[in-house]
Each structure stands twice: as C-alpha cells, then as structure tokens.
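Asker: I am attaching a structure below and will ask some questions about it afterwards.
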Amino acid sequence: MAALITQEIGSFRKPEYLSMEFHKIEGTEKFKELAERATIDTLKIFENTGLDNVGIGGEMYRWEMYEHPAERIKGLIFYGMVRSFDNRYYRKGSVIDKIERRGSFHMDEVEFVAKSTKKPIKIPITGPYTMMDWSFNDHYNDRHELAMEFARIINEELKEIQSKWPYISNGRKLEIQIDEPATTTHPDEMDIVVDSVNKSIEGIDAELSLHVCYSRDYRLLYDRIPELNIDGYNLEYSNRDTTDLGVEDAKRPGFQDIKYFNEVNESLQRKKFIGVGVTDVHIDFIEPVKLIEDRIKYVLNIIKDPELVKLNPDCGLRTRSRSIGEQKLRNMVIAKNNVLKDIS
C-alpha cells in the first residue's frame, strides 16, 4: 500500500440543483440525470484537489446514510423524523416483519462512479449494528437477532457488488467501507458489533474498512480489533483536537488514543491500517496546511510505517458548503505531500 493515501469518507454537500429537487424527483429519470451530473461535478472537485481515492463521488444518490437503505428494505416502515447531528434529521424506521432487500441499495451508483473516474473508489455502506440501533424493533426477539438480520441483507448487497465488480473495475481493487457510527454507543453490546459486522462481510474479497466517528471511547473498539475481519479503520480525531500548532502531546489531545490503537496493532501478525481524521467536518474553519501537517507528523511519531496510515476528514463533508469542503480536502492533500517530502 502507498504511504499516506488521501481519501474522502463518503458524503459531500449536494449542489442545489439536486438537493432542492431530491425528494420531488427521486426514482424518476430526472433524478438519475441530476444525480449523475452532481456525481460528475463532485468527482471533478475531488480529482482537482489531488485526492488519491475519490470514494463514491460524495454520495449524490443518497439523501441520508440510514434512510437510503431503509427505504429499500421490506418489513420496515417509517414513523417520523429524528434529529441526528447539526440540526439534520432522518426518518427512523420500525421493523415490523422479516426484513429483505427490495433491490440493490447502491449498484446503480457504484456502476456510474466506476465508469466516471479512473481513480480508486471506495464504497461506503451503512453497517448492520447502526441499522439495528437506529431502528425500532417490533418483530425480532432481541437486538442481536435484528443486527444479524441486517447483516444478512447487507452481505447480500456486498455479494451483488462483488459479483459485478470485475466487469466495471478497470483493474482497480474492490474497496468497501462499513459505516458504523453507533459502534461504541452501547459499551455492553460490542459482541453484537463484532458478530454483525463479521457476518455482513462474510465471503467478501475486498479491502474492508470500518468507519466510526464521535465515539465515546475508541478503546472499546480497539480491544475488539483482533476479532474483527476488517483491514483498516477510518476514524474521527480532529473534532476532539485543538487547533494549536505543534506535535507535542499537549497540542494534540484529540490523537492520544492512537497510542493504544498502535499497541493493539503491534500485537497482530497482520497489521491494520488506520485512516486518520485530520480535518473537522463540523466547523467551517479551514485547517491551515501546517496544522494538518502537525497532526500527520504526530501520528507518524506513533505509527512508524506511513503505509499503515491513511488521511481523511473526520466524517462525510455534507454538513459543510462545497467550497469549504473542497478547501479542507485540498489542504489535506498539500499537507500530505509536504510531509512525504520531509520524511523521504
């Protein structure tokens, strides 16, 4: 793997020509036309910033990470709106019967992005634990059973993508990111996280990463790394950090627990990579290149192999304007290049 690969996590603010019409036209030819146009426009932004991996083009086909797959699942109905973050809302579903896919969640999006860029792409998909945690359960016996049922249908989705990937990959490896923001919200349910995530990726031959953000305690996750069949972890750190310059512990409080990640990783025969959140997606402040450089250098003082470190925003950038999101990504790429020069 190359050193300090730069990547987007997933979402990016939609252009107004799509966002203002999204719910009115979803499922129509007009939606397809505008989603494709928005994807092309966003891929151009990502490519112009110099990103190594352009993700799925900013998730232009998806309104929200829970609602998008939930709308495509039989046995689940919606009751009303629930606030998630930054005054953003999603429709919370209730599972009232055995759940099954109505059709693919993401195949049309994956096929279009794959043919629209030559860059590596990474396909985010909301994980089984988060789907379970963000749903009401009015059918299954308990939370573990429901999580495993979500894992079953996510596994079906991933196997469909995997089966078609050789025909659209243009020689690129398949990269899948399981989005699990709910991972550590219930510390006593980490067994459910491990069981359901592993079930969801069973039989999938790809580079598999897990994205978690705004965790109460990442150590709960780090302790289970040996049990998870995951290749790497794309995590949020900058939101809990200062904006002071420097590579001392006191200047980089948000990155302290990477030391524990490294301890766990060093005990493994097959090392995991870590995608480090070096820009905060919940503020408009555009991190100066020097600040991002210091965050990267701090991490490399802990994890000595730069090929085990990827760089990304904390989370998806959909909460920021497109211009601010673009500048955050651009500064991240410049910082990466400067650090590589320093360590070469």
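Just so it is clear, glycine is given a Cβ too, placed from its N, Cα and C backbone atoms.
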Asker: Given that Swiss-Prot annotates His211, Cys213, Cys315 as Zn(2+)-binding, name the residue from Glu236, Glu248, Glu287 that shares the site.
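Answerer: Among Glu236, Glu248, Glu287, only Glu236 appears alongside His211, Cys213, Cys315 as Zn(2+)-binding in Swiss-Prot.
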Asker: Using the structure shown, find which entry in Cys213, Cys315 (the binding-site residues) has the sparsest Cβ neighbourhood within 10 Å.
Answerer: Cys213
Asker: Can you name the residues of this chain that are 6 or more positions from His211 (Zn(2+) binding site) yet have a C-beta less than 8 Å from its C-beta?
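Answerer: Spatial neighbours, sequence-distant, of His211 (Zn(2+) binding site): Ile9, Gly10, Pro124, Gln177, Ile178, Asp179, Glu180, Pro181, Tyr233, Asn234, Leu235, Gly275, Cys315.
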Asker: Take the Cβ of Glu236 (Zn(2+) binding site) and count every other Cβ within 10 Å, whichever protein chain it belongs to.
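Answerer: That number is 26.
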